[in-house]
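Some features that TrEMBL has for this protein:
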- 11-469: domain 'Amidase' (DOMAIN)
- K59: active site, charge relay system (ACT_SITE)
- S147: active site, charge relay system (ACT_SITE)
- S171: active site, acyl-ester intermediate (ACT_SITE)
Amino acid sequence: MLSNKTPSTVRSIINAVQRYKVLNTLTHDCFETALETEQQLLSQKKNNSALNGRPILIKDNFCLRDTLTTCASKMLANFRAPYTSTIVQRLIDHGCIIVGKTNMDEFAMGIASWSSFGPVANPWSLTKTMATNEEDNKTVLHIAGGSSGGSAAAVAANFVSIALGSDTGGSIRNPAARCGCYGFKPSYGLLSRYGMITLVNSFDSPGFFARNIDDLIYATNAVAGPDNEDATLIPKPFKPLKTSTELSKEKRKIIIGLPDDYDIGTLSTEYRSCWHDLVHQLTETGEFEFRRVQLPHTSYSNAAYTILSACEIASNMARYDGIKYGHHTKNIDKNKDTYEDIVTKTRDESLGERVRGRILAGNYYLLQENYEKYFVQSQRVRRGVVNDHKKVFEEDKIDCLLAPVVCDDPITLAEYQKSDHIFSEDDLFTVGANLAGLPALSFPVRLSSKGFPIGLQLVGPFMQDQALLSIAQRICSTYEFPFLDLSIQN
Ligand code: GLN
């Protein structure tokens, strides 16, 4: 179970993905082209990128030319992207081999990666029991987190060493913590969003999953930096992040903030202990100092995120009207149906409940009589969240924050199906970094008593991605996490 060597050939990855189909990590595969690309790369002169020949998976909300790009929705079930996203193109240019598109919550809304393709299962469920048939599976398999659950599960299971995801309100950090791998959301504006199907323009950030921090760095270095196609990017040249071997060995004491406001009642005793134990362990090394800090807008941040994201979603989803592209209802009465009728039927047939709910909520918040009460008020909270973080980083002189990512172990797929899963309390831990555009990294710490990974996150000052990753390297080198490996055939 404890190997960290990821299968390096496309064939071995195909075998592993097929053997563990029950995890449902992919919406569709690119196996044939991946095998061909592998052959081509073998016959070419090697480029010196650390990613050359590296098989990777990409979340199904990134466009790849002529390939299905569905956002795991029936709405885009037949949509072949006419162009390739900047990030994916840069990965290809570095010699990455794209093996498939990963399953996710529909249009990246959610925390369970349950879509029209079915649910992604948490790979750690398989260490406890072997799934048998679809209905029984739901009681023995657990959620993988979301929305980038397919990418997280595939990396955690060791099918691939790196996978691409997106984080709007926690969608990289949440599944990384649930599945037991690293998940990095860089500062907003560092990675191009061109060709990543938008969820919430002002929060969305592409980012990576990996089994070590150096791989996150290789992948981020390969894709970061200015792009004329994305006007929201930081217009400065990108200074490559340093890997563990390039970092200076000088060991300045690190000051880490522990936000009291994240210590909420729903955080389980076990997950709280994991957080506190790590603090004790690190304090004992003498290299870290911890200070309690206040982020007073935290308790409003989930509400503000919910409102602001719904508003942008309502506007972004207007394009899915069944006319321009995507699903188009066949159930049209030519003599009677108006444009609105066609939109309604198209969306009813092809969008899930959560997506429709958010479009409805967003339009409600944006009504003239509600605008001030919801949208403007939430923007004020957003400013408050930004200022809270500025204060702890600048006035309290904190290098980064250490906080939980989720409250407790994952629930089973059956429990999830029964629950009211439209909103998630766990988002409280993650949305702050998106509201403020800050870099954040979730890392696996240990296993819970039931044998599920417990992850924690670090959140750093804006554009201090290098410092954040260096601190993470130092923290994670103080212990060993028992990574899962389903790629080896028993
Ligand atoms: N759980 C959040 C939501 O549903 C996460 C979204 C995301 O980061 N893509 O909005």
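Positions of Cβ are set from backbone N, Cα and C atoms, glycine also.
DSSP gives K59 (active site, charge relay system) a strand state. S147 (active site, charge relay system) sits 9 Å from K59 (active site, charge relay system), taking the CA atoms of both as reference points. Counting in whole angstrom, K59 (active site, charge relay system) lies 11 from the residue listed as 'active site, acyl-ester intermediate' by their C-alpha atoms. Cβ-based neighbour count (10 Å, all protein chains) for the residue listed as 'active site, acyl-ester intermediate' stands at 36. Cβ-based neighbour count (10 Å, all protein chains) for K59 (active site, charge relay system) stands at 32. Within 10 Å of the Cβ of S147 (active site, charge relay system) there are 36 other Cβ atoms, across all protein chains.
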